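First comes the structure, then the notes that go with it.
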Amino acid sequence: MANSVPELGQIPGGDSQIFPLDAETIKQRVDEVLHWVDSLEDKLKQVEDFYSSIAVANSGSRHVVGVRKVQQEAARREAFAAKRMHDLMRQFGTIFRQITQHKNAWPFMHPVDVEGLGLDDYYEVIDKPMDFSTIKNQMEAKDGTGYKHVMQIYTDMRLVFENAMKYNEESSEVYTMANILLGKFEEKWAHFLPKVQEEEKIREEEEKQAAMEALLAKEASHTKTTRELNNEICNVNCELEKLRHIVVERCRKITTEEKRKIGLAFLKLSPDELQKVLGIVAQADPSFQHRAEEVSIEMDALDEPTLWRLKFFVKDALENTMKKKKKEETTKAEDWRGTQNKEVSNKRNATNKLAERSTKRTRV
């Protein structure tokens, strides 16, 4: 969380005043509070975005763990998954040996000797050359560059046969040998596949569990952020209240005539603006029934801070209404002028065309 805005400190009011409070000091303080509010709104939006993007069921039975614990658990699961996959690839080695020891395997044991065999177009036809020795080296690699999943070995094994059948004609011996080996390989793979599918199922469940734990840990973090935000918002309200009282203490009292004008201004406000007026009154008087069907505001019963807030609110509201009305009138006037100019232009064009026709008739 960001640091809270500093305390009011040496900006006291009333009898405890240490030095005269000028408008610039108050303005600076208001700017600080507004900046503080902006930062709180940013944090609150992050929290809202988080909660709007998740939908977790059975919230009552969830066990929340810390982020560090989640990371440790994820690392442990990843290590176990890697060990299981290593065992699978080791078991696959039996299939690999059976295929590579077949009598038809010899053309595929090493990379194709493209230059020696004069296969000038080989790399134009084959995008990714593959052979058994390359696969074997990848299976035995100890530097972390080897296969990570048994499906990668399966894909490369198929690629050996597919390349041979793609480059060689169907009637060739190499094509026939590749086709025979491919059939035997797929047959053995079909028996091995259930083990791979079981491992995939386990991994999928583990990933779901890891995602859930990470989500819960993040939710716990956001819950803490929410509590801190609530505390800071309370502090903001306190700061604003201090500023409000400081300003009001240095302002004159609202006159009876001003109260009357404020009440008359209410009649010019929009429904939304009236709701905000009721909200301002309700903040000062929690017992005020601002949601009742019929509401009456006793101006003489309101305290000075509330009266000044209402005075400034209606002033700003009416000014905004006037600006909006002037803008609309300006737009209408511009539209009217545009229409008039268009009509004048159309009349001028029509007159010119009539004149042209009259001239043509005269010439004829």
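The backbone N, Cα and C atoms fix where each Cβ goes, and this holds for glycine too.
Whatever TrEMBL says is automated annotation, not expert-curated.
Feature list (source: TrEMBL):
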COMPBIAS  323-337  compositional bias 'Basic and acidic residues'
COMPBIAS  338-352  compositional bias 'Polar residues'
COMPBIAS  354-364  compositional bias 'Basic and acidic residues'
DOMAIN    100-175  domain 'Bromo'
DOMAIN    244-325  domain 'NET'
REGION    323-364  region 'Disordered'
Whole-number mean of pLDDT values that fall within the domain 'Bromo' (100-175)
94
Which numbers of helix, strand and coil residues does DSSP report for the compositional bias 'Polar residues' (338-352)?
15 helix, 0 strand, 0 coil
